[in-house]
Amino acid sequence: MHCYHCHQDVIEPNRYIAEVLGEKRQMCCPGCQAVAQAIVANGLDDYYKFRTEPANKADDSALEQTLNKLRLYDQPELQEEFVTTDDKLSVIQLSIEGISCAACAWLIEKKLSVLAGVAQVGVNASARRALVRWDPARINLSDILAAIEKIGYHALPFQPQQHEEQFKRTSQSFLKRMGLAGIMTMQVMMIAFALYFGLFGNLDDDIRQFLHWVSLLLTLPVVLISGAGFYRGAIRALKAATVNMDVPISIAIWALFIASAKATVLEQGEVFFESVCMFIFLLLISRYLEHRSRHQAALISANMSQYVPVTARLLSEGKTTDCLAKILKAGQVVLVRSGETIPVDGVVTQGKSYVDESMLTGEFSPVVKQAGDKVYGGTINQHSSLTLEVSRPLKEALVNQILRLQDQALLSKPAISQLADKVARYFVMAVLLIAALTWGFWTWVGNPDAFWITAAVLVATCPCALGLATPSALTCAMASLNRHGLLLKRADLLETITNIKVLAFDKTGTLTQGRFSLSAVHNLSAHPQQHILSVVCAIEQHSEHPIARAFDAPTTEQVSDVEVRPGYGLCATVNGTGYRLGSARLIRNKVPEDLQGCNVFLENGNQLLAAFTVTDSLREDATETLNRLSSYERVIISGDAEENVRRIANELTIDEYYAQCSPEQKLQKLQALQKQGKSVMMIGDGINDTPVMAAADVSVAVGGATDLAKNAADIILVTPSLALLPELFAMARLTRRKIIQNMCWALGYNMAVLPLAVAGYLTPWMGVIGMSLSSILVVANSVRLLNKGPRS
Amino acid sequence: MSILYILIPIAILLVTLAVVVFFWAVKSGQFEDLERHGTSILFDEDKPEADKDNNQNER
């Protein structure tokens with residue numbers, strides 16, 4: 001049974017139900033239920049009728065906290081950075097996570113537009129962004145963000161990258177030039193058709209001359225406006241004393257145009273205006289496709305640089321005030337409640353708690369922190385309130401030191417070879433040389449058509465299809481992957497992926513789930529195991545330690561006299577018997593040698609009853625995925641303790657692993673692998689992985705990764721599952737095959753027609769038609785990738 | 001055939017108009033989100049419930 005909202009499996013049927021479109025629907029979790037109810041309550045159930053993709057699973061465990069945190073975005077200091085004011089209205093760009101199809105955009109627009117004070121909402125589904133205008137006197141920004149949050153999307157302000165505006169302008173100018181060329185080409189082709197085939201019967205000379213002049217008039221804007229980009233490119237290249245594809249293109253355009261114009265004015269000779277127009281139009285299409293794939297990738301990477309301010313609760317004179325972490329100074333005192341992120345590096349002054357430092361160290365088990373211990377910004381307080389004294393401002397915090405390491409690593413990233421450009425240069429030189437020789441030869445022979453033959457050579461050899469071969473395949477592959485939840489930040493990544501030799505995995509949170517679960521039970525008592533587990537679950541219900549989450553089965557035992565001893569465990573009475581449950585330090589009975597590896601023990605007054613091993617378990621799909629990737633060299637680089645890493649490595653049959661690595665050491669290990677000449681893909685999720693991800697040839701952030709990791713990664717897996725990795729490789733291989741096919745066809749065609757053109761059998765218009773067919777074939781071949789995507 | 005001397009100039013005028021309209025469309029961002037607006041015709045206008053909200057909000 002599938003959840004009606006997110007299409008994931010429903011584990012507890014009939015527990016969460018919402019009425020949508022007049023029928024009771026099963027939901028998988030309270031989150032999806034709440035979102036579906038909110039959507040229906042707003043009269044927006046059309047969303048379910050017309051959506052083409054399921055929604056993301058709505059995780060509501062932290063909804064209340066998230067909503068509270070959103071309040072922060074109302075602070076004027078913070079808004080200064082990303083809100084602009086326009087005629088008393090505030091304007092903001094939001095990046096929205098969770099948009100999967102056009103219906104999502106509609107849903108968000110409708111939901112926001114009924115809020116009082118919101119003046120305008122525009123959601124762009126392909127860029128996953130929204131532009132909101134609102135009246136700050138009537139509604140707060142946080143209320144707008146909360147409204148989006150309630151229907152299951154996450155919206156955050158972000159800072160668009162600087163070059164993005166330029167990308168958009170280029171995009172528009174491409175579209176205009178392409179549209180102009182397209183419309184004009186249609187007209188000129190129509191006239192050319194008449195001229196060639198004499199469809200109006202025998203044309204008299206007047207009409208023929210008139211049609212020539214009309215063609216000239218219609219071609220003029222195409223040559224002057226649409227083709228301008230090519231001339232600029234050619235001039236730039238010539239100024240730099242080199243040649244590129246634009247040079248022969250410009251020569252061909254102007255040669256054909258001037259000659260045709262001359263023929264029109266002098267009223268003798270042939271005209272080839274339609275060839276000029278179509279030539280420019282087709283070339284623009286290929287350039288535009290290439291530009292768009294890069295634009296799409298840039299948008300995705302910009303969306304990732306969301307603005308997430310870290311906040312702190314400043315304690316002064318017994319009162320707490322919320323403030324931004326970046327304004328904290330050394331010596332100030334900060335309160336961190338249970339479940340909150342520790343804002344800065346500091347020293348604990350009061351309280352005792354468990355802190356999850358896995359994102360910084362990779363070490364999975366939470367660390368006990370009490371007065372005098374150092375804590376680091378970015379880690380999560382899991383248990384109870386802590387009071388800290390700030391030891392250094394955020395700028396110098398450990399998180400930022402790791403980020404600096406990441407920046408350094410990025411600088412030393414291996415450069416992708418520009419082979420294609422080099423090949424193109426030689427190709428162009430060869431084309432120019434052949435054209436020159438052709439002209440020389442036919443002039444020497446005394447052929448009056450020498451000029452047209454040369455023009456035909458330039459047109460026929462135009463690497464139009466060659467230019468389309470790569471960008472069209474990459475665009476289609478990216479679009480297909482995008483639809484299946486793989487976001488690529490650069491299109492050329494697909495080419496790099498096919499060269500990958502080594503897969504380096506982080507352990508915690510990447511291969512494993514990042515939370516405790518029960519992996520072994522040793523029953524030493526005479527009671528049935530069921531009974532023992534039931535007792536343990538009953539006691540653990542009173543613990544907030546993360547280990548307790550491994551024992552969350554429902555139980556009916558009566559528990560009393562619970563005493564929690566932080567760092568040790570719990571003492572409690574169940575059905576009249578006193579039990580002690582916790583680490584070996586709490587247990588009074590002697591623990592047998594062979595059970596030393598266990599980390600939770602249960603005893604009553606007399607004897608040790610049971611021992612448990614509670615560990616971070618593998619992600620469900622990890623084993624299968626890793627098996628499918630067994631043709632690659634697989635390595636685990638983890639910050640966790642040796643023993644944990646070895647266990648996971650054994651389970652996955654991975655021979656090579658490195659444990660207890662600091663972010664620097666991780667980076668060194670990776671660079672050592674790269675020094676052996678291997679391309680490495682790093683798959684990680686935490687802050688401590690970011691430097692090594694930045695240095696890797698390709699990096700992948702697994703769903704649920706920290707924002708910093710998503711920022712550092714080249715590829716983001718939207719769903720928290722590794723299963724898409726093999727699909728990514730398959731797609732990359734398929735794409736490369738398509739590119740090679742395309743190139744073979746394009747080059748093959750050019751090679752085949754070149755002798756014909758040189759020999760003078762080919763007129764320019766035949767060259768253009770051949771070139772068009774060849775381009776269409778290449779694009780059609782690439783488009784087939786769209787349907788090939790990963791299995792869903 | 002002389003009709004062509006009138007029809008073709010008219011065609012050129014229409015084409016110019018088409019180009020102007022296209023340029024306007026590009027400039028005003030009509031091509032920015034092709035995914036979304038293809039389906040917007042499917043969605044009904046505000047439902048009664050949503051209208052009520054609107055009135056309450058004095059919009």
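A Cβ is built for glycine as well, from the same backbone N, Cα and C atoms used for every other residue.
Look at TrEMBL and you will find A:90-156 tagged as domain 'HMA'.
Outside the transmembrane segment (A:178-198), and at least 6 residues removed from its termini, the chain residues within Cβ reach (under 8 Å) are 208, 211, 214-215, 218-219, 221-222, 225-226, 271, 273-274, 277-278, 280-281, 284-285, 288, 765. For A:178-198 (among others), the entry in TrEMBL reads transmembrane segment.
Here TrEMBL flags A:210-231 (among others) as transmembrane segment. Same-chain residues lying 6+ beyond the ends of the transmembrane segment (A:210-231) with a Cβ under 8 Å from its Cβ atoms: 177-178, 180-181, 184-185, 187-188, 191-192, 194-195, 203, 246, 249-250, 253-254, 257, 260-261, 263-264, 271, 273-274, 276-277, 280-281, 283-284, 287.
The annotation transmembrane segment is assigned in TrEMBL to A:243-265 (among others).
Remote same-chain residues near the transmembrane segment (A:271-289) are listed as 174-175, 177-178, 181-182, 184-185, 188-189, 191-192, 195, 212, 215-216, 218-219, 222-223, 226-227, 229-230, 249, 252-253, 256-257, 259-260, 263-264, 452, 455, 459, 462, 464, 467-468, 471-472, 475, 763-765, 767-768, 771-772, 775 (criterion: CB distance under 8 Å, separation of at least six residues from the stretch ends). Residues annotated as transmembrane segment in TrEMBL: A:271-289 (among others).
According to TrEMBL, the feature transmembrane segment maps to A:423-445 (among others).
Per TrEMBL, the feature transmembrane segment maps to A:451-481 (among others). Within the chain, the transmembrane segment (A:451-481) has long-range Cβ neighbours (under 8 A, six or more residues past its boundaries) at 245, 248-249, 251-252, 255-256, 259, 270, 272, 275, 279, 282-283, 285-287, 289-290, 292-293, 296-297, 420, 424, 427, 431, 434-435, 438-439, 442, 487-488, 491-492, 494-495, 728, 731-732, 734-735, 738-739, 742-743, 745-747, 749-750, 753-754, 756-758, 760, 762-764, 766-768, 770-771, 774-775, 777-779, 781-790.
Summarising the annotation, TrEMBL assigns transmembrane segment to A:743-762 (among others).
Tertiary neighbourhood of the transmembrane segment (A:768-786): same-chain residues 274-275, 278-279, 282, 285-286, 459-460, 462, 464-465, 468-469, 472-473, 475-477, 479-480, 731, 734-735, 738, 741-742, 745-746, 749, 753, 762, selected by CB-CB distance under 8 Å and a gap of 6+ residues from either end. The transmembrane segment annotation in TrEMBL covers A:768-786 (among others).
Residue counts for the domain 'HMA' (A:90-156) under DSSP (helix as H, G, I; strand as E, B; rest coil) come to 22 helix, 24 strand, 21 coil.
Long-range neighbours of the transmembrane segment (A:743-762) within the same chain, counting only residues 6 or more positions beyond its ends whose Cβ lies under 8 Å from a Cβ of the stretch, are 434, 438, 442, 447, 449, 453, 456-457, 459-461, 463-466, 468-470, 770, 774, 777-778, 781. Taking the domain 'HMA' (A:90-156) as a whole, pLDDT averages 84 in the prediction.
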